[in-house]
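What Swiss-Prot shows for this protein is this:
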- 4-24: transmembrane segment (TRANSMEM)
- 50-70: transmembrane segment (TRANSMEM)
- 84-104: transmembrane segment (TRANSMEM)
- 109-129: transmembrane segment (TRANSMEM)
- 144-164: transmembrane segment (TRANSMEM)
- 184-204: transmembrane segment (TRANSMEM)
- 214-234: transmembrane segment (TRANSMEM)
- 245-265: transmembrane segment (TRANSMEM)
Amino acid sequence: MTDSTTLVALVLGLLEGLTEFIPVSSTGHLLLAGHFLGFESAGRSFEVVIQLGAVLAVLTVYASKLISVIRAAPRDPQAARFLAAVLLAFLPAVVVGVMAHGFIKTVLFETPILIAIMLILGGIILLFVDRMAPAPRYNDVTEVPLGVALKIGFFQCLAMVPGVSRSGATIVGALLLGTGKRAAAEFSFFLSMPTMAGAFAFDLYKNRDVLDAGALGEIAVGFVAAFLAAVLVVRWLLGYVSRHGYSLFGWWRIIVGSIALAALLKGF
């Protein structure tokens, strides 16, 4: 492990943690950063493990609430329905992810220009939905009906195209379906737990033969950086979107996507 690879691992870990739970596409940012920093050769193991750091971050922040909901579920119909809603929203990603995993990883993930374009388009959509979404009918995350949860799950499948953003797709879907801005972000947090844990396990299984023990140092640096950054973001985001909405992230996507697209078209 050299100083340069450690620094790049730190940068990518921070990037993963800072962007995983805001609607800007952590995968898109990671792939573009890896392309421009020349870190693409680090292998799948690095990407997979640092995302686990982000999963553990949201579990850490929401541990007490998750435990209380699980304990209440046998006697509280609303808690039981909420857990069912999260699991139901998770199912479409399982089906599509298993069926299309090879195409997504070998074709879509290798197209930086597509990622930049999706960042821009997603930013435009996010700005529009943030301003034009219908008045919310579900202002608490536990109020989301099962049918709405399933539809949010189908929105999540759009995020398998890198640059779309898992949190962005689920938040946009939730807003369009009548969920309040804070509740939309919180539902996205809860949905990320089974989705990202499942993606981690599946990717780890698929890439078990290419895990690089020699990269453990970089992986550890990226993992810790992703975990710490994600904890800060999860604790900050709900209060921010309750007051200001999602327009900041829409403009962020458009600016980053435009800069990346211009650089790629110039041959970088």
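Including glycine, each Cβ sits where the backbone N, Cα and C put it.
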When you look at the transmembrane segment (184-204) alongside the transmembrane segment (109-129), do they share 3+ Cβ pairs under 8 Å, ignoring any pair fewer than 6 residues apart in sequence?
no
Under 8 Å, at least three CB pairs between the transmembrane segment (184-204) and the transmembrane segment (84-104) (pairs 6 or more apart)?
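Stretch pair touches.
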Under 8 angstroms, Cβ to Cβ: which one of 4-24, 84-104, 144-164, 245-265 has the largest number of such pairs with the transmembrane segment (214-234)?
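So the stretch in question is 4-24.
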Sort out the residues at least 6 away from either end of the transmembrane segment (245-265), same chain, that have Cβ-Cβ distances under 8 Å to it, and list them.
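Those are 22-25, 29, 32, 36, 112-113, 115-120, 122-127, 129-131, 163, 165, 168, 171, 181, in sequence order.
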